[in-house]
2 protein chains.
Amino acid sequence: MRVGIFGGGQLAQMLVQAAISLGVEIVICERVPDSPAARYTQHTVVGPWEDEAVLAAFARRCDVVTLENEFIDAHLLRRVEELGTPVWPSPATVAVVQDKLWQKERLVVAGLAVPPFRAVDGPDDVLAAAQAFGWPLVLKTRRNGYDGYGNATLRGPADVVPAWERLTRGGSPLLVEAWVPFTRELAVMVARRRDGTTAVYPVVETVQQNHICHVVYAPAAIAPDTAITATELAVAAIQAVDGVGIFGVELFALADGHVLINELAPRPHNSGHYTIEACATSQFEQHLRAVLGWPLGATTMRAPAAVMVNLLGQRNAPINTDAIVAALDVPGAHMHFYGKRDERVGRKMGHVTALGATLRDAEAIARRAAGLVAMPV
Amino acid sequence: MRVGIFGGGQLAQMLVQAAISLGVEIVICERVPDSPAARYTQHTVVGPWEDEAVLAAFARRCDVVTLENEFIDAHLLRRVEELGTPVWPSPATVAVVQDKLWQKERLVVAGLAVPPFRAVDGPDDVLAAAQAFGWPLVLKTRRNGYDGYGNATLRGPADVVPAWERLTRGGSPLLVEAWVPFTRELAVMVARRRDGTTAVYPVVETVQQNHICHVVYAPAAIAPDTAITATELAVAAIQAVDGVGIFGVELFALADGHVLINELAPRPHNSGHYTIEACATSQFEQHLRAVLGWPLGATTMRAPAAVMVNLLGQRNAPINTDAIVAALDVPGAHMHFYGKRDERVGRKMGHVTALGATLRDAEAIARRAAGLVAMPV
């Protein structure tokens with residue numbers, strides 16, 4: 001069985017790792033050779049996704065096609081289907097999810113709680129939204145935003161025009177959201193098959209640093225009612241978009257116990273990396289099972305607590321192997337290095353997961369290892 | 001960092017899986033294309049190992065070279081070293097371990113307990129050995145034996161000539177060993193670096209079926225003293241052969257509490273597959289750490305008990321994907337399918353590992369899943 005993946009980054013790389021256990025081969029379709037995932041498969045199609053010959057070569061080599069990021073035009077996914085290869089999540093799901101306006105509209109129609117939002121066509125629309133929502137506001141690109149690229153928090157009218165100019169550079173239309181006074185950011189991974197069967201992972205807490213996921217606590221130290229609400233919202237959201245595959249659902253927990261959906265990701269998600277060691281089935285294996293229509297695996301945790309810390313680049317330079325090696329000396333630290341050739345400030349270079357009897361125990365191990373990787377040379 | 005592996009079977013495949021987390025790339029050197037491991041790397045050198053051009057191309061692409069089976073002439077490993085690429089375990093270690101006579105002689109010199117053995121040059125030597133050791137005897141090829149290929153148990157004089165004729169067909173000289181009335185077969189994985197640092201995994205019990213490893217119980221349900229003896233013997237054995245990398249040490253436990261060394265394997269070993277899910281560091285990651293001179297990882301178990309069951313081919317036919325998929329529905333069963341294109345009777349097609357509070361719990365899960373894979377089509 002061969003699964004094709006649009007994209008060759010670390011998410012595709014970890015999908016390859018999971019595929020090995022399943023006897024599933026992976027075909028990577030990426031614009032450039034030597035992507036992190038392409039190093040671990042004999043099947044690679046290199047070229048622009050918009051090139052019909054590239055799409056045809058890719059579709060021909062795969063039994064099913066999926067993606068590791070949502071920044072692909074849905075019409076290209078539809079073209080793969082026309083060429084005879086199924087695509088999961090479906091092009092229709094990706095089209096809805098990749099547009100943050102459409103995504104939120106779909107969630108609202110399904111009766112799910114999201115922060116107030118509206119489409120904006122110019123700075124005046126943003127100022128008008130501020131009348132309704134109050135300051136601060138969050139201005140976002142509808143498409144192609146990730147890790148804070150494509151986001152701006154507006155604290156008052158003076159922030160509007162600079163943010164507008166910066167965010168519209170990529171050509172995507174924008175939307176604006178009310179700023180939510182959340183007490184915690186939560187995330188839930190949900191896997192769903194085309195027959196509607198779902199498997200849900202524990203609710204985790206994510207802590208961002210400069211809009212980039214930095215630490216994940218599994219399970220989140222929240223009230224049971226909040227966990228139930230978050231889980232129900234997450235499953236309902238993936239049903240609402242008719243998702244097939246694994247999805248990351250980011251949520252806001254408010255002081256009053258309410259939970260709102262922030263964003264969906266139609267793919268493995270940084271907040272689910274902990275599942276590799278901490279759960280009976282990793283999010284990556286689960287994604288492959290889901291898109292192949294195979295039985296979903298158990299999502300139970302194998303330890304009371306797990307903490308994941310992202311290894312974010314500290315400087316712009318070729319990767320420092322010595323710093324990587326030092327971190328291997330921390331017992332219980334599960335290191336993941338993505339093999340990126342160059343370190344860049346803020347770039348996700350890898351992650352470390354530790355299990356423990358408590359979140360505090362696990363965090364101490366993970367942070368110690370992460371600290372050794374980040375040490376100056 | 002690039003590690004080269006002579007051989008592209010399932011052991012190399014699981015080394016690739018471990019390498020992904022370490023950001024290490026793997027180069028597979030195999031006689032044929034499309035080996036199980038070669039499917040998961042962009043670096044493959046295909047051709048006979050004896051071909052100087054193949055060796056040179058392989059050595060040039062690797063920072064260090066290792067092996068997934070010991071059936072390679074040590075002079076080829078020396079040639080790779082001459083070409084400037086280090087080889088671990090060293091050619092000298094492989095030369096000693098791959099010859100069961102030399103291996104045993106080395107262990108005896110180190111003062112370690114092995115069953116009585118002697119070299120034999122013809123059927124008369126076997127009969128003479130029977131005078132000394134009594135019946136039954138075990139006749140073995142000194143080189144290239146595995147999974148019972150290259151072994152014969154002789155119950156009396158009438159068995160000698162047929163066994164001699166069968167075993168000498170491969171061209172390897174033979175040795176004969178006293179048959180040991182063991183109560184259990186044990187195994188210990190030992191990792192060792194060139195600086196002599198070692199990491200030792202728990203003692204496990206292995207149960208063979210037709211000379212093929214069938215079930216592994218981790219940890220072995222044995223007296224603490226027996227476990228200590230087995231562990232000490234295993235470490236001393238790897239020191240005796242100056243081993244670098246991961247080694248499998250097979251042992252016999254006798255009714256009186258004595259433990260004897262059966263055989264060494266200079267590579268990841270079937271009895272260590274359980275470490276993928278059950279230990280803080282898998283035998284595969286540990287091997288890469290050891291041959292790279294990186295810190296060895298913790299070997300502690302993550303659960304009280306683990307059981308691994310091999311998935312052995314039941315018939316001669318193309319692989320049956322439906323049977324594989326059925327086994328994925330067993331919660332807690334960690335399935336590993338090696339992606340072999342054809343099933344053959346007795347062939348190792350994959351394995352399943354389950355963790356549990358007790359060996360009995362884990363075994364029930366693993367056997368249930370294995371039973372689903374083996375079901376008739």
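Each Cβ is built from the backbone N, Cα and C atoms, and glycine gets one as well.
All annotation found in TrEMBL is predicted automatically rather than curated by experts.
If you look up TrEMBL, you'll see B:Lys100, B:Lys140, B:Glu177, B:Ala178, B:Trp179, B:Val180, B:Glu185, B:Asn262, B:Glu263 marked as ATP binding site. Feature annotation from TrEMBL assigns domain 'ATP-grasp' to B:104-292.
Here ATP is bound by B:Lys100, B:Lys140, B:Glu177, B:Ala178, B:Trp179, B:Val180, B:Glu185, B:Asn262, B:Glu263 per the record. The longest Cα to Cα distance in that group is 18 Å.
Neighbour list (B:Glu263 (ATP binding site), Cβ cut-off 8 Å, at least 6 residues apart, same chain): B:Lys100, B:Gln103, B:Val249, B:Glu250. Across the domain 'ATP-grasp' (B:104-292), the prediction's mean pLDDT works out to 95.
Long-range C-beta contacts of B:Glu177 (ATP binding site), restricted to its own chain and to partners at least six residues apart, with a cutoff below 8 Å, comprise B:Pro115, B:Pro116, B:Phe117, B:Phe133, B:Leu137, B:Val138, B:Lys140. B:Trp179 (ATP binding site) carries neither a helix nor a strand DSSP state and counts as coil.
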